[in-house]
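According to TrEMBL, the protein carries these features:
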type     : residues      : note
BINDING  : Thr29, Val193 : pyruvate binding site
ACT_SITE : Tyr120        : active site, proton donor/acceptor
ACT_SITE : Lys150        : active site, schiff-base intermediate with substrate
Amino acid sequence: QINLPVIRQYVDYLVSEQNVKNVFVNGTTGEGLSLSIQERKQLAEEWVHQGKDKLDHVIVHVGALSLPESQELARHAAAIGASAIAAIAPFFFKPTKKDELIAFLEKVASEAPAVPFYYYHIPPLTGVKIRVEELLDGIREQIPTFQGVKFSDTDLLDLAQCINKNEREQFEFLYGVDEQLLSALAVGADGAVGSTYNYLGQKTALMLQAFAKPDLVLARKYQFLTGEFLSFVIKLGFGVAQTKAIMSFVSGIPMGPPRLPLVDASQEFIIKAKAKLDSIVWPDGD
């Protein structure tokens, strides 16, 4: 079951300990698609409420397999004051052409006409491989609230082409593959949404600062160490359940078990992941 009271503690932890002031609610790590519509609404409300005066942006993911449900979630997010909404492509009956996907997204975005809209591109999970570069061509004419993309794919050529062709539109590209964030920044990504920022947000913020200077040698050190940790846990078997276990032991906040069909991380995984994280010596000496 969802644990609403812990969100206040979670918000304070993200802001004070991880230097994270923006959240993406009901996405992949939050198991949004395993929750009921009512649960998703409750979570969105609690994040917006607890984030007031503490968080800069609360983006609510409203994507669903059912168009009416996605529209209902979009209306709800607008009503509670979400900063923006986002939606993945439907992934059972999949759109195969750009026009089909845009038609679906437009029907969702139009239910929240005053709220910025992001397309959440995550082909490894949806199986929808329509290139974002193709999708963005003329998209503002069909979706006036279109703000940008949460780009969770390793295809940096597609991302680079998006950024190169859409500078005038001032779309935002938030990158979602944490171990490749520095590469995405190099081609012009504006920010990032990812699970590791729950427990490595502060280190990533230092990487962003180094990149902005630019001190690429230092930025690479942070990226390589994040990659070293992720490479280690991926070999052990790494997913949302394991992410929650890491978040729990790093933050001290009980993140709870995942919902079936996912199963809890093993004690062996937790011991090995904790030892690996503790062994990493970061450039700031921590």
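Using N, Cα and C of the backbone, Cβ positions are placed for all residues, glycine too.
In sequence order, Gly27, His61, Gly63, Ala86, Ala87, Ile88, Val149, Lys150, Ser152 make up the list of same-chain residues 6 or more apart from Tyr120 (active site, proton donor/acceptor) whose Cβ falls under 8 Å from its Cβ. In this structure, Thr29 is the one among the recorded positions Thr29, Lys150, Val193 with the smallest number of other Cβ atoms inside 10 Å of its Cβ.
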